[in-house]
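Swiss-Prot has this to say about the protein:
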- 1-85: region 'DNA-binding' (REGION)
- His34, Glu82, His91, Cys94, Cys97, Glu102: Zn(2+) binding site (BINDING)
- 86-146: region 'Dimerization' (REGION)
- His88, Asp90, Glu109, His126: Fe cation binding site (BINDING)
Amino acid sequence: MSEGNIKLLKKVGLKITEPRLTILALMQNHKNEHFSAEDVYKIFLEQGCEIGLATVYRVLNQFDEAHIVIRHNFEGNKSVFELAPTEHHDHIICEDCGKVFEFTDNIIEQRQREISEKYGIKLKTHNVYLYGKCSDINHCDENNSK
């Protein structure tokens, strides 16, 4: 049990439970990945960990409300979660295999600031999702077979 995770859960007002600690550890061990509740459930099922799907949904929703994870609705409004990043990034999503690539681009960031200033809006946050198809069909085949 990670002492840091216990402190984090206490800090955001969540009770320390085995499912919360287990799900948090999974998210931390896969910082650049995006998981649906079903993905998390299947991983635990394969590991022989007895955490129910309803519990996974509930914990991920609690983590989202506590800003431990961020919820995205990439694929047809299906929620996926990633550990709350320390630095801003945007996403490119393949419509065929669902692979998510993270990127940062200073030109895009600057242009968004210019546009918000033009309209007199003080920009707080934003999300950029770019959708397309993998240029390497083998990449999609590999992801779809998993």
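Just so it is clear, glycine is given a Cβ too, placed from its N, Cα and C backbone atoms.
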- C-alpha of Glu109 (Fe cation binding site) to C-alpha of Cys97 (Zn(2+) binding site): distance in Å? 27
- Message: Among all protein chains shown, how many Cβ atoms are found within 10 Å of the Cβ of Cys94 (Zn(2+) binding site), not counting that one?
- Response: 21
- Note on the structure: argmin Cα dist to Asp90 (Fe cation binding site) over the binding-site residues Glu82, Cys97, Glu102 returns Glu102
- For His88 (Fe cation binding site), name the DSSP secondary structure in the helix/strand/coil scheme. coil
- Task: Check the binding-site residues Glu82, Asp90, Glu102, Glu109 for other C-beta atoms within 10 angstroms of each C-beta and report the one with the most.
- Result: Glu82
- Task: Return the residue, from the listed binding-site residues His88, His91, His126, with the maximum count of other C-beta atoms within 10 angstroms of its C-beta.
- Result: His91
- Cα-Cα separation of Glu102 (Zn(2+) binding site) and His126 (Fe cation binding site), in Å? 14
